[in-house]
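Engineer: What follows is a single structure, and I will ask about it in a moment.
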């Protein structure tokens, strides 16, 4: 679909660069979950204060999510993506050199603010460079970083922390970010017609798919997006989904070390494996989203409910082997549904409003990222470190997402 097919080779280059942007964004935000116990030791933090570190990132991420999407619609995803990657890479580096907790929180806030324009910009790029018949699969390929990112982060963080310490980890991760920011600005164009590597066949299909799309200036008013019920329903589904996703990913390493008494190296492995399983499920979900357009919301609902059940029982089983099996089962159905979901979103939003509309949806997920980690930290402090209540809360959130999504009928949202 990428470089083997000359027709979409230039589009494939854009997708690969987007994939690396997303990979770096997930590496930079996820390694801190493995580093958290060591950061807590250095700063002498409670579980609530540890949760606040994760939540502060999402405060900045949520705050600039919609403005970042609007800027991408207005000035183009090329500039916004390049600026965003370079900006957050700077604050990734600063994370490793701060010794004062309040200032540490400030750095994480601006790191989140820097990552905020990426979702809307990337979905707009896919909608610009690919026709509708391919968007579900291309979105799911991009979204494999949601699984591979945490998996790589777990292994990378475990190694770097054990050898060099947690501070050097963040300094190292900043370097590839500056490189990718430069490459994206150098190789990508906002309009496929301005890209000399685009084939005539691809340009013709894009024009027939959505004629005369203006890729930099929105045609619809912002009020049209905010008044549309489908946008808010999708956002609500994503809110409940991300309450679980960010709660689970933020606290799973601490759970494995504190509750299951695993070493740092074992935690890296056990934390990574479910995400590797989820990568396959994500790709399958994207293909299913393109193949079963009318049934996909019900497939999402069933998948998310199965994930809720398996997640609930992780804390109940006595052995680490059974817990790992349930973690993998949870990840499979969780990421299968995620691949389906964003296939729905990129279909119900028009190309010229893709960045802003998808940013509204993703913003609600970012708000969940603010709420869930610190709420779980508070639950752990209140319960004396017990994870039973935490896993019940995460399962309930998935059930709520599964109940809402059948109402999300696939039609034009704007």
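We number each residue from 1, going along the chain as drawn.
Using N, Cα and C of the backbone, Cβ positions are placed for all residues, glycine too.
Curation plays no part in TrEMBL annotations; they are all automatic predictions.
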Engineer: Choose the correct range: of 30-50, 51-71, 114-134, which one does TrEMBL annotate as transmembrane segment? Give that range.
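Structural biologist: In TrEMBL, residues 51-71 carry the label transmembrane segment.
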Engineer: For the annotation transmembrane segment in TrEMBL, which listed range does it cover: 168-188, 189-209?
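Structural biologist: In TrEMBL, the transmembrane segment feature sits at 168-188.
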Engineer: Under 8 angstroms for C-beta pairs, at least 3 of them, ignoring pairs fewer than 6 apart in sequence. Is the transmembrane segment (324-349) in contact with the transmembrane segment (83-103) by that rule?
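Structural biologist: By the criterion, they do not touch.
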Engineer: Looking only at the domain 'Major facilitator superfamily (MFS) profile' (14-413), report the model's average pLDDT.
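Structural biologist: Residues in the domain 'Major facilitator superfamily (MFS) profile' (14-413) carry a mean pLDDT of 86 in this prediction.
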Engineer: Please check if the transmembrane segment (230-248) comes into contact with the transmembrane segment (361-380), where contact means 3 or more CB pairs closer than 8 Å and the residues in each pair are separated by 6 or more positions.
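Structural biologist: Output yes: the transmembrane segment (230-248) sits against the transmembrane segment (361-380).
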Engineer: Could you check whether the transmembrane segment (51-71) packs against the transmembrane segment (298-318) - three or more CB pairs closer than 8 Å, residues at least 6 apart in sequence?
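Structural biologist: Counting Cβ pairs under 8 Å (6 or more apart in sequence), the transmembrane segment (51-71) does not reach the transmembrane segment (298-318), since there are fewer than 3.
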Engineer: Which residues, given as numbers and ranges, are at least 6 beyond the ends of the transmembrane segment (298-318) yet have a Cβ under 8 Å from it?
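Structural biologist: Distant Cβ neighbours of the transmembrane segment (298-318) are 241, 244, 248, 259, 285, 288, 292, 326-327, 329-330, 332-334, 336-337, 340-341, 344, 387-388, 390-392, 394-396, 398-399, 401-403, 405-406.
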